[in-house]
Structure formats: structure tokens, C-alpha cells
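Engineer: Okay, so Swiss-Prot annotates it like this:
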- 9-29: transmembrane segment (TRANSMEM)
- 38-58: transmembrane segment (TRANSMEM)
- 104-124: transmembrane segment (TRANSMEM)
- 126-146: transmembrane segment (TRANSMEM)
- 211-231: transmembrane segment (TRANSMEM)
- 246-266: transmembrane segment (TRANSMEM)
- 276-296: transmembrane segment (TRANSMEM)
- 304-324: transmembrane segment (TRANSMEM)
- 329-349: transmembrane segment (TRANSMEM)
- 375-395: transmembrane segment (TRANSMEM)
- 410-432: transmembrane segment (TRANSMEM)
- 461-481: transmembrane segment (TRANSMEM)
Amino acid sequence: MPVDLNFTIAAPLLALAAGALLILLLDLLFRYETIQGPMYVAAVGAVLVAGWYLVPLWRGAAEPFGFHGMLVMDRFAAVYGLVLLGAALLAILLSFGRVREDQSGYLALLLWAAMGMVLLGGAGNLMVIFLGIELLSLALYVMIAFAPKRMAAREAAFKYFVLGSVAAAFLIFGFALIYGAAGTMSLTGIAAAARSFTSEGAWSVGLYYKVGVGLAIVGLAFKMALVPFHIWAPDVYQGAPTPVTAFMAIGTKAAAFAAMARLLVAAVPQAYQPSFLLPLSILAFASMMLGATVGIWQSDLKRLMAYSGIANAGYLIMAIPGLGLDGLSAAAYYLAAYGFATMGVFAVVRILEADGVDGSQLANLKGLFYRSPWVGVCLAVLFFGLIGVPPTGGFVGKFLLAIAAVRGGAWIVLTGLILSTGISAYVYLKVIGTAFTRTKVAPQPEEGEEPHPPTRTAAQVVLAIATAGTLVLGVLPGPVSELLRVALAGM
């Protein structure tokens with residue numbers, strides 16, 4: 001068999017890996033005082049270089065297949081890869097100002113997690129999907145615990161590790177059953193086998209195959225925090241350092257969705273997807289309703305965003321039943337809008353933390369508009385985006401998902417979207433109202449905490465980018481949506 005080494009399509013992954021190794025070498029060879037800035041420059045540079053290499057793949061200018069079909073860096077992979085790299089870039093900026101002893105390891109792990117996420121979008125083989133899941137998971141397990149003084153972070157990391165290991169077992173067992181039924185781990189081969197199961201208008205697939213696909217969906221649903229596999233999310237979001245929570249909220253959801261789309265496009269013929277994937281639609285409905293409803297009683301902003309993420313995972317599943325061009329482009333658009341809004345909210349938390357205040361407590365948001373008017377306005381815009389109020393990207397994203405659901409006949413998830421949006425509007429408006437409530441006493445810094453202006457400045461930059469992105473996606477939906485449709489037309 002001839003060697004099929006297409007390093008052109010592997011370049012984005014290699015750039016991230018090289019950046020991580022460079023950061024570790026800088027820490028090994030030079031004094032910390034001289035390389036703090038260069039480490040962040042190296043991390044940002046690695047992400048930008050990886051994005052640069054994805055652009056030709058977006059344009060379709062390079063052969064997307066390599067390594068005997070195990071890696072498929074086509075336009076689909078490029079679209080989701082750019083979304084993931086954008087999340088990684090903003091997370092690096094949010095991380096500026098971490099304590100001395102963990103900077104190099106933290107940044108290297110962040111790049112390796114991003115590498116695993118991008119790999120999932122370009123997976124052409126079941127084992128590559130598993131490799132991507134494990135690469136991002138192992139990095140995140142450690143990143144969550146990167147808060148030496150906080151026992152909550154260690155507890156969150158342990159919970160995520162234990163439950164993540166169980167989810168990985170479901171995933172690999174499902175892959176084993178699919179392999180046994182289809183006789184191949186290649187997604188292309190699985191697609192051919194799935195079509196061969198069709199006879200006389202019926203899909204006569206075996207039980208092992210159905211169970212295998214179901215178990216694989218369970219493993220990926222855990223990463224997306226779909227009900228009932230969401231139990232880890234609130235505690236992990238609350239306990240993890242804020243930049244890690246922000247990165248997880250966007251990155252794991254986007255990467256797991258990309259892998260799920262890859263798998264289901266291959267494993268289930270499109271004509272049979274609405275009926276075969278009905279249980280997934282029910283899980284999506286449950287996720288929307290639980291995420292929106294339980295958020296009402298939250299007093300911690302990070303836990304609130306965890307339940308928001310659960311609901312938004314359900315929204316993404318609206319693109320699954322048809323898995324056509326409309327669904328995939330709508331999901332990519334909504335992920336970008338959700339990513340900007342979510343990253344911006346966590347930037348506000350980070351700004352408060354830079355002032356020595358516990359930014360995750362909703363009570364500390366009281367009077368935010370009067371202490372910092374532009375931060376308060378940005379927070380309002382971001383939550384309007386999460387609700388889906390025009391002219392924000394969230395409105396356009398939900399509208400496109402609704403269209404995809406109607407065309408795919410997914411009435412269950414469409415009903416969930418309408419009901420949960422109304423409930424979550426109450427939750428998010430309550431947060432906005434808190435920020436615009438006058439108070440005579442400003443929140444005081446916690447004991448032992450001191451203001452850190454550089455961290456605040458970096459978080460303000462992220463907040464400005466996130467707010468601008470939310471508005472641009474709402475004001476100029478046509479060009480962006482058409483660009484995504486063109487890019488995903490060959491999926």
C-alpha cells in the first residue's frame with residue numbers, strides 16, 4: 001500500500017502542536033520573567049497560523065483527503081475549525097494574567113485541546129474521532145484543575161474525569177459494534193455499508209449496528225451536555241477557572257457536534273434520519289426545556305451559563321434530523337453567534353475577577369451599568385443575543401435553525417425552541433435587570449484578592465470583540481450565511 005502522507009491538510013494540527021512544544025521549550029530554557037509575553041505570543045501565533053492553513057481548505061484549493069482517508073480536512077472541517085480556533089484565540093486572551101507556576105503548561109494544554117477539537121471536525125475514521133475526543137478531554141481534565149488554591153476546581157476536574165471516562169467507554173463500545181456490523185472503521189466505508197442495508201425502500205439494518213450508533217451518540221452527547229448526560233456541566237462550569245469554562249462552553253460543544261454530524265451523515269442514510277434519530281430529537285427537547293427552566297433558580301452566573309449551554313446543545317440538534325445543507329450551515333452560523341455571546345459573558349466575569357470580585361455571583365452584577373456603562377451595555381447585548389432578539393446573531397441563528405427543522409420535519413425540537421426561548425428570556429432579562437439596578441454599595445474585593453489591570457484590559461478586548469461579533473452576525477446575516485452555504489455545499 002502506497003504511503004498517503006498529505007501534510008498540507010495536517011498543517012493546522014501541526015501548527016497547534018508546534019506552538020504547544022515551543023511554549024514548553026521557552027519555559028524550560030529561559031527565566032519566567034523574560035518569557036511571559038513570548039509564551040502568549042507563541043500561543044496566539046500558533047492559533048493564527050493554524051487558521052491561515054485552514055483558509056485554502058475553506059476555498060477548496062487543496063486535496064482534502066489524506067492518511068488513507070483517516071483525515072478529511074474539507075470545507076466542513078475548515079468551517080468548524082475556524083469557529084474552534086476563534087474560541088481558542090479568545091480563551092488565550094481571557095487567560096492573560098494567570099499565576100506564574102502554571103502558565104506554560106496551561107497554554108500548551110489549551111493548544112492541545114484545540115488540536116483535538118479541530119481533529120474531530122476533520123475525522124474520516126472512527127478511531128480518529130476517538131483520538132480527537134481523548135486529546136481534548138485529557139487536556140481539559142488538567143486545565144479544569146489549574147487553580148491551585150481552589151478545591152472546587154479539583155473537585156470539578158475529578159467529576160469530569162470520572163464521567164468522561166464512562167462516556168468514552170460508551171463511545172468506544174459503540175464504535176466496536178459499528179465496526180462489527182459494517183466491517184470497516186472508515187466513515188466512507190460505513191456510508192457504503194449503510195446504503196447496502198437498504199432494500200425495497202426499507203432500511204434493514206441489524207441490531208448491532210443500531211445499538212452501536214446509539215452508544216456512539218451517547219458518548220458524543222456527553223460532550224455536548226445533552227440531557228440526561230448533562231450532570232457534569234453545572235459543577236464543572238462553576239468550579240473551573242473562568243477562561244477554561246469559556247473555552248469548554250464553546251469548543252467541546254462545537255467539536256462534538258461536528259463529530260456527530262460526520263458520523264450520522266455516514267452511518268444513517270438521509271432518507272431514514274428523521275425516524276431513526278427521533279430519540280435524539282426527544283433528548284434535544286428535554287435539553288432545551290431543562291436548561292431554560294432550571295436556569296430560573298440559579299444565583300451563580302457560571303452555573304446559569306452551564307444550563308444555557310445545555311439548552312443550546314438542544315438547539316444545535318435541530319440541524320441533525322435532515323443533516324442537509326440548510327441544517328449544517330444553520331448550525332455553523334448559530335455556533336458562531338452562541339460562541340461570541342458566551343465568550344462575552346465570561347469576559348464580563350473575568351473583568352470582575354480582575355477587580356478582585358467574585359464575578360460569578362449574580363449579586364455582584366448589581367449596579368454594573370453605573371460602575372462601568374459600556375460593560376453593562378455589552379452584557380445586555382450579549383444576553384439579548386442568547387435570547388435571540390434582533391439585531392443580534394442569536395436571532396438569525398435561531399431563525400435558520402427553525403427553517404432547517406421545518407424542512408426536516410423536526411416538529412418536536414421546533415416546539416422546544418419556541419417554549420424554551422420564552423422561558424430563557426425571563427432568566428436572561430433578570431440578569432440584565434440586575435446589572436441595570438442602582439446600588440449604593442459596590443461589591444468589595446474578596447480577602448486576599450487584588451486588582452490586576454492587565455487581566456482586566458485583556459478581558460475588555462475580548463468583550464469588545466464578542467459584542468461586535470454578535471452585532472455583525474445580526475446586522476449582516478446574508479453574506480455570512482451565503483458564505484457558509486457555499487463552503488458546506490460539498491458535505
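Glycine residues also receive a Cβ, built from the backbone N, Cα and C atoms like all the rest.
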Engineer: Between the transmembrane segment (246-266) and the stretches 329-349, 375-395, 461-481, work out which stretch tops the count of Cβ pairs under 8 Å.
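Structural biologist: Of the candidates 329-349, 375-395, 461-481, 329-349 scores highest.
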Engineer: Sort out for me which stretch, of 38-58, 211-231, 276-296, 329-349, 410-432, has the most Cβ pairs below 8 angstroms to the transmembrane segment (104-124).
Structural biologist: 38-58
Engineer: Would the transmembrane segment (461-481) count as touching the transmembrane segment (375-395), i.e. at least 3 C-beta pairs under 8 angstroms with sequence separation of 6+?
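Structural biologist: Taking Cβ pairs at least 6 residues apart, the transmembrane segment (461-481) and the transmembrane segment (375-395) are in contact, with 3 or more under 8 Å.
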Engineer: Hey, which bits of the same chain come close to the transmembrane segment (126-146), Cβ under 8 Å, at least six residues off its ends?
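Structural biologist: That would be 70-71, 98, 102, 105-106, 109-110, 112-117, 119-120, 153-154, 156-157, 160-161, 164, 168, 171-172, 175, 178-179, 185, 187, 190, 219-220, 223, 236, 239-241, 244, 247-248, 251-252, 255-256, 259, 262-263.
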